[in-house]
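Enquirer: The annotation domain 'G-protein coupled receptors family 3 profile' is assigned in TrEMBL to 39-302. Annotation source TrEMBL lists transmembrane segment at 41-65, 77-96, 108-133, 153-173, 202-221, 233-254, 260-280.
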Amino acid sequence: VSSTDPYDCQACGLGEWAPAGSEVCFNRTVEFLSWSEPLSWVLLALAVLLMLLIAALAVLFALNTSTPVVKSAGGKSCFLMLGSLACTCSSLFSYFGEPSRAACLLRVPLFTISFTVFLSCVATRSFQVLCIFKLNARCPALYEACMRHRGPVLFVVASTAAQVALCVVAEAASPSVPRRNYGVRAEWVVLECTQSAAADAAIAYTVLLSAGCFALSYAGTDLPAAYNEAKSLTVSLLLHLSCAAAVLCSQGALRGRAEPAARVLGTLGTLAALLGGYFVPRAFVILLRPHQNTAEHFQMAIQEYTRRRAAA
């Protein structure tokens, strides 16, 4: 109501709102995922626990680098994979607090590039094991040419370079910047980062790469038990794709602080599933079943697989 004319109504300011029939305006509630709220504490605690688990796995694998279990997981590439997962986890901290230019700028590239490195390593390792046990007998020249020309390294570099290019295009075409969104709810002003279609393409690239990893791991579910992380990895990748689908579906339904919280929770679920499907089973063997971490055990597994294939 106008201060000079009680019969004249005036619109509220941009940062204000009024319910129907109200004579006064109220300040809008500023919505973002604050560092100080209990939900953030839970999510941050989970992120820190995952970082500690990654560090512990890196130390354990470093102490057992020469053992068959670590070699079958990829050898030294395991540390690249764990490092990329740590970077993926660190990207989650940019979702907390009032959005800044730096947080908006780094959020998507840090996640997509580091996660692409991990998925590329998983894809190359799954393909190598698949070639050794299934394709090498049919087309040995293909596998030999791939290894001679450092095919796995080239694939990781090429796929990561493609992701970097997508992120550069995204930031050059439409940089992610903080903004105040007044259109979500009348009583809210939501602090968020803008996101371009190119950034969505970078995220879609990781989903496509995940689907490729899933196909390769599923194709190797009948490999020797000592080499066969494919079953647990297949389930882990399926959980990751489910988390990605859930986050995508929640984008329209969840707004305000719930939206970044859902993204953080979905990424935490993905990281936990992948660590649990690829690295934790190997750590279990190293710590609790050392008799399976021997060259003899792996050789017996290969012989059993060969006999089973011959009898089929």
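Heads up, the Cβ atoms here are built off N, Cα and C, so glycines get one too.
In the displayed structure, how are the listed features positioned relative to their neighbours?
Expert: Long-range contacts of the transmembrane segment (41-65) within the same chain: residues 35, 73, 75-76, 78-79, 82-83, 85-86, 89-90, 92-93, 96, 261, 264-265, 268, 271-272, 275, 279-280, 282-283, 286-287, 293, each at least 6 residues beyond the stretch ends and with a Cβ under 8 Å from a Cβ of the stretch.
For the transmembrane segment (77-96), the list of distant contacts is 33-35, 40, 43-44, 47, 50-51, 54-55, 57-58, 61-62, 70, 103-104, 106-107, 110-111, 113-115, 117-118, 121-122, 125, 260-261, 263-264, 267-268, 271, 274-275, 278-279: same-chain residues at least six beyond its ends, Cβ to Cβ under 8 Å.
Listed as Cβ neighbours of the transmembrane segment (108-133) (distance under 8 Å, sequence separation of 6 or more from its ends, same chain) are residues 73-74, 77, 80-81, 84-85, 87-88, 90-91, 94, 142-143, 146, 151-152, 155-156, 159-160, 163-164, 166-167, 170-171, 176, 195, 199, 202-203, 205-206, 209-210, 212-213, 216-217, 219-220, 223-224, 227, 230, 233, 267, 274, 278, 305.
Only residues 6 or more beyond the boundaries of the transmembrane segment (260-280), in the same chain, are considered here, and those with a CB under 8 A from a CB of the stretch are 32-33, 39-40, 43, 46-47, 50, 53-54, 57, 61, 73, 78, 81-82, 85, 88-89, 91-92, 95-96, 111, 118, 122, 192, 229, 232-237, 239-240, 243-244, 246-247, 250, 254.
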Enquirer: Which sequence-distant residues neighbour the transmembrane segment (153-173)? Criterion: at least 6 residues beyond either end, Cβ under 8 Å.
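Expert: Those are 105, 108-109, 112-113, 116-117, 119-121, 123-124, 196, 198-199, 201-202, 205-206, 209, in sequence order.
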Enquirer: As a test of reading the model: what is the averaged pLDDT for the domain 'G-protein coupled receptors family 3 profile' (39-302)?
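Expert: The average pLDDT of the model in the domain 'G-protein coupled receptors family 3 profile' (39-302) works out to 85.
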Enquirer: May I ask for the residues of the chain that lie six or more residues beyond the transmembrane segment (233-254) and have a Cβ under 8 Å from a Cβ within it?
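Expert: Non-local partners: 122, 126, 207, 210-211, 213-214, 217-218, 221, 261-263, 266-267, 269-270, 273-274, 276-278.
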Enquirer: So what's near the transmembrane segment (202-221) in sequence-distant terms, Cβ-Cβ under 8 Å and 6+ beyond its ends?
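Expert: Contacts of the transmembrane segment (202-221) (Cβ under 8 Å, skipping residues fewer than 6 from its ends): 108-109, 112, 115-116, 119-120, 122-123, 126-127, 129-130, 133-134, 159, 162-163, 166-167, 170, 228, 230-231, 233-234, 237-238, 240-241, 244.
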